[in-house]
Every structure is written in C-alpha cells, then in structure tokens.
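Student: Quick one: the structure is below, and I'll ask about it shortly.
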Amino acid sequence: MSEMTTEGRTRLNRLPEWAALGKHREQLAGTHLRDLFAADPERGTRHTLRVGDLLLDHSKHLVTDETLELLRDLAAATDVAGLRDAMFRGEKINTTEDRAVLHTALRAPRDAVIEVDGENVVPAVHAVLDKMAAFADKVRSGEWTGHTGKPIKNVVNIGIGGSDLGPAMAYEVLRAYTRRDLTVRFVSNVDGADLHEAVRDLDPAETLFVVASKTFTTIETVTNATSARTWLLTGLKAGQEAVAKHFVALSTNAERVEEFGIDTANMFEFWDWVGGRYSYDSAIGLSLMIAIGPDRFREMLDGFHLVDEHFRTAPPEENAPLLLGLLGVWYGGFFDAQSHAVLPYSHYLSKFTAYLQQLDMESNGKSVDRQGEPVDWQTGPVVWGTPGTNGQHAYYQLIHQGTKLIPADFIGFARPVEDLTPGLVPQHDLLMANFFAQTQALAFGKTPDEVRAEGVPEELVPHKTFAGNHPTTTLLADALTPSVLGQLVALYEHKVFVQGAIWNIDSFDQWGVELGKVLAKRIEPVLTGDGAAEGLDSSTAGLVSAYRALRGRE
Ligand SMILES: O=P(O)(O)OC[C@H]1O[C@H](O)[C@H](O)[C@@H](O)[C@@H]1O
C-alpha cells in the first residue's frame, strides 16, 4: 500500500499525527479514569461543553488534554474544516454521485444565500416549507377534506429508510406536542402486515396517505403505496378520481409521482443535494409537520441551524461535533472499539438510535476511501442501543463486565415531560438518578477491595468487581423540545461528517445497498414460478425450492 492516495493525500495511518496518537495510546495504557479524576479535581467541569441548549460532559472519556490536542492535530492534518466549509458552500463533496451535500440549507434562514451550480437554493427551500405549512394547516383545521367531504383524522406515511426513520423517530420524540385527535402512523416494511396493521382500524374516508420517497422508485414504498391505493378505492367504492384528496407525495422525482397517479400539485419537492438519511427536515417531514404544526416544525429547524452554525464557526477546542467525531476515531483507531451505544433516558427517544443507525452506518459503513483504495483503518462503528433503563435490565451487563469496549452516549433531560403532559406519573427523578448512576458506575467501577469491604466471600469477589474505565459522553438538556431535537440530530449529523472526513470516505453515498435490491428483483419471479432458478448458488437454490414447496408451488 503506497503512502499516498491517488490524489496525493497522505493515507490516514501514514500521517505523523496518526503515529503520535498511537504512541500516546501506549503511554496511556494502564491509566484508569479513576486516576485521571483523582489527578484533576476540576476534570468534570473542565471537560464540559455547551452547545445551544445541550450540555456535553466528556470528562468520562479515556483522554487527557494531550489526547484531545493530538486528536485536533489529526483533524487539522486531514483538513476536516476544509471539507466542512466545502459542504456548507454547496460544493459537490459527494464525489461518487457528483452531488452537493446541503442538508444544512434545509434549515438556513430565509435571507441566506447558498448556491448549487450558481443558483441560490434557499428561496426554493422556503417556498416548499411554506407550501408544507399551508397544507399542514389545512389538514389540521379540517379544511382539507377527503373524497367524501370528511375531514382527515388519520395520516399514514409510507416510506422506507430515510423517508421513514426520520419522521417516525421525530413523531415519537415530539409526541407531547402532537394533537391527540389525529392518528399518525408510519408504514415502511414491504411485509404486507405493516400496512395491514396500520390501516385496519381506519376509515378510508378520513385517511391521508403521504407517500415519501426521494427517488419514487423504491420497490417497498411503491408497492405499499399501490396497496394503500387499492385499500382506499375499495373502501370508498370510488375510482381513481378519489386519489387526489387522499394521496400526497414527497419526492425529487415529479415524473414518477405523476406516473403513479398523484397530482404533482400535491407533491412536495426536495432536491438531489439532500441525502435520504439527512432529509427529515425537508419535505420528508410533512407527516411530522401535520402532527406537531408548522410553528413547532420551524422551531426544530432553528435548533438544527443553531448547531450548524456552531459546527461551522466554533473553534476546535469548543466544537462539539468535532469532539464527538474525534472521540469515535480515537476508540475505533486505537482501542479497536467495534460498536457505539446510544442510550437515551427518555421514553420519547425510543426510535432515536434506530434513526442514528441509518445516519451513521449508511454514511460511514465504507471500506474504500474517496479515491477508491481499500482503507486499512476502522471506519464506522455498529451503532446500537435502546432507552436506558430498559437496557439496564438487559444488555448493560455486557457493557459493565463483558470483554468489549463500548463507548456510549447517555442522553437525558432535566425537565420531565410530565410538565408538558399533565397527568403523567411523576417519576422523573428516579429515571435521572439511574442516568447519572450508570455513567458513574461505568467510569469508576468497583474495586476488589471495595467489594471485600462489603463482606463479600472471597470466591465471589471477582464476580462482583466492576473494572470501570468504560467511556461515556453525557448529553443533558433542559427539556425535549422541538429545538432540542433539531440540535441533537444536527450534532450527530456533523459528528458523522467529521469521522467520514478523517477516515477519507464518502459519507454521502450508499452503494452497499444496491446488490441486495438487484438480486431480490431476480429472485422474486423464481418464487412466484415465472422465473428459472438457474444461476442461483446451491444454498439459495435449495432455500428457494423449500419456500416454493411450502407454498405448494413445486
Ligand atoms: O426515499 P427513497 O428514494 O424511497 O429511498 C429510501 C431509502 O432506500 C435506499 O435504499 C437507501 O439505502 C436509503 O438511503 C434511502 O433512504
């Protein structure tokens, strides 16, 4: 492997800054978080950043001031800031698709100027937001009626991947702000059970389908939308003319939307410079906007923008997305960490980690660099996690006492959601006591001597010892508001960006999802009996044959 990439950039692990980190890692071996805290009584406060409404404590990481300096040196050597500025300027940094990466334009203020191919995209962004707001208001007020004249009571979003996970997650997160008399559901799976369960108790006359697909070619979404149309027209005993009042589309592909039979007047547009997993603050957020109202949606966009500006302008020492990205590079590169847990202490964030899985793993799950050469360093981690207290009674055992290093983000809120939802049981302090206790236990553990001092029999001492030294980030905010959600998502978006920049991979393409799609298209006719099984490997051929036999088709 040569020292240089084809574009003359020194390969990451040949950089002197990388070597310096490797050496530093060796020097740190054997240093425990207990030592770092003992040596510096101010550590907890010194290693805390504030970004908008978020307080970010990174003191419980396996780093010293020197580590952070060396990591920032690496960011400088890999020109993270240069790529960041190119992204914000609208340059085509998604090179394999020759596209700009401008989700930041989706939350830019009206008077901002951001150009793609010489054209300012901000007016178009706001025109769509205004159109969405007008439509959402009409649905919310009952002014928009279905084919039979009834107002809309149910919204069913049909989409998958980025056209599902973002709005579905945000709808859960912001449930306290939603209208209880409006049912909002999300259908993504091509398993017909998903659509069936979503609509079985709904009245078609009161149901609006929001078909969300950037490309409008995604087989799962087109299939579900076609079935939904059949369900609607059968239920209403109506013809194609009923579609206009019950179907809207969110897409970049007007031609396909029209082909499907949705009036392009009912289409909300976005653009190829918005990646699917970066799109829920675009038209893709329409179902969410209907649920929470345009004002709350705009508050969320302001939260995104606040962190965009922070990322763009904060100096490296205070730059939160930079810091989070660097910590991930540190653990992946020098501790061989394979995964990263995100553990929210809020029931409303139950889908947050699932959303982050696409954001992070589809962006940074790459093994060739931007020049197409294989990387020989770790790239994106496996991202996983569920709401914290549930995890405590399930998989935290492995985080505390297993053999793997799992850096984790703990996300919690000071103000209980019961402030917003009167009548909710007041249990917040207990929830948050767990939140604080877990990062403390993970960092400091329990020594054998501490265990012995409790009178534990000697043979049980190793079992009851907690090694500690497990790194965590704590993110604490006042309350789970729309703005805070926007801030959190932007924080993670830019963290992912930083890591992709350092690893020198294209974080904005997703070629790895293509092969399965192509093969599924080839296999489907074999399952139904219209295609020949020739050319299938013996395992797949055997499985397909077993399937056909079980379906009575052999
Ligand atoms: O919005 P769509 O064009 O329907 O795409 C939906 C999803 O499917 C694709 O396969 C990609 O992997 C995702 O990045 C995308 O979000």
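Note that Cβ sites are derived from N, Cα and C of the backbone, with glycine treated the same way.
Automatic, uncurated: that is what TrEMBL annotation is.
On a predicted model such as this, the values are computed, not experimentally measured, just so you know.
Taken from TrEMBL, the feature active site, proton donor covers Glu362. Among the features that TrEMBL reports, active site is placed at His393, Lys517.
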Student: Round to a whole number and give the Cα-to-Cα distance in Å for the pair Lys517 (active site) and the residue listed as 'active site, proton donor'.
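Tutor: Cα to Cα, Lys517 (active site) and the residue listed as 'active site, proton donor' are separated by 15 Å.
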Student: Out of Glu362, His393, Lys517, which of these active-site residues shows the lowest number of other CB atoms within 10 Å of its CB?
Tutor: His393
Student: At the Cα level, what's the spacing in Å between Glu362 (active site, proton donor) and His393 (active site), rounded?
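Tutor: The Cα atom of Glu362 (active site, proton donor) is 29 Å away from the Cα atom of His393 (active site).
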Student: Determine, from DSSP, whether His393 (active site) sits in helix, strand or coil.
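Tutor: Reduced to three states, the DSSP call for His393 (active site) is coil.
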Student: Please report the DSSP secondary structure of the residue listed as 'active site, proton donor', reduced to three states.
Tutor: helix
